[in-house]
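Here is what TrEMBL says about this protein:
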type     : residues : note
TRANSMEM : 36-54    : transmembrane segment
DOMAIN   : 82-126   : domain 'Homeobox'
DNA_BIND : 84-127   : DNA-binding region
TRANSMEM : 134-153  : transmembrane segment
TRANSMEM : 173-193  : transmembrane segment
TRANSMEM : 205-232  : transmembrane segment
Amino acid sequence: MGLLEEFWHHKYWLPPGATWEDMKESADIRYPKPQDLLLCIPGALILIIVRYIFERTIALPLGRRLGVSNRPRPKAQPNATLEDFYNLVGRTPKEGDLISLAKQNDLPVKKVEAWFRHRRAQDRPRLMKKFCEASWRFIFYFTSFFSGLALLYDVSMVSHCLSLVLQPLLPALGWFYLLELSFYCSLVATLPFDVKRKDFKEQIIHHIATITLIFVSYCANLIRFGMIVMLVHDASDYILEVSYPHIEMLIYSLVCDPRLSGSETAPSKGKKEARITLISVVYKKSNKSQ
């Protein structure tokens, strides 16, 4: 038995008592095939294009309408020596490195330290970029959750695992699975260009594990159980995107800003103070989460 045949042996993929022969297709009955998931490659590319269009035509104008603005940041003065150290050695030089760089450039240590601080600030992601990314994920999770609920509303479920894997594939469930797989593949593809968070490595592990579970559950025809698991996750994911610190700040701004709420009267002094306090707290919270 070859390696490929051993890999696809039914004892690894199906419950005891079931074989691939039990899942033969006919004119009216169709079962999942691993090659179906190859469509996730063009699907991921399409989602990346849709995301780009969404962020430029919807999320960006919406953010401007809600008052999202990038905080002004001081620019580091051009300096080839310091730039080379920043790119090749590290973004946060030690005290000895600061003294050495200060002597090389005939600058005070404080100015060298300030240069690195400003240079790090330039590389931090902008507020508008965070807003656009959070908006895209919110729209997808929100749509996939409620569309998945609608698809599962009339789908029959069985409790016995052997009967479950022998259920035919419904086209709507197959396309939903392909959509979810394409979305997570697109997230992996755009990770190097998205806002880099502290849990970057954990994100990669999470996405790869999710893709693996979707692939395995599809091949084993555990699509109905898999959809329930994905819906449970999507139900909390879109709420987490709404609770993103900058979204919280914008929601509160909508309440307190008379220009955005439609009221011409100026907000009270208490509301102004509360708004300033919330914005400062949320901004510190978002910086810590980066």
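Positions of Cβ are set from backbone N, Cα and C atoms, glycine also.
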TODO: Provide the three-state DSSP residue tally for the domain 'Homeobox' (82-126): helix first, then strand, then coil.
DONE: 33 helix, 0 strand, 12 coil
- [ ] Tell me, roughly as an integer, the mean pLDDT over the DNA-binding region (84-127).
- [x] 81
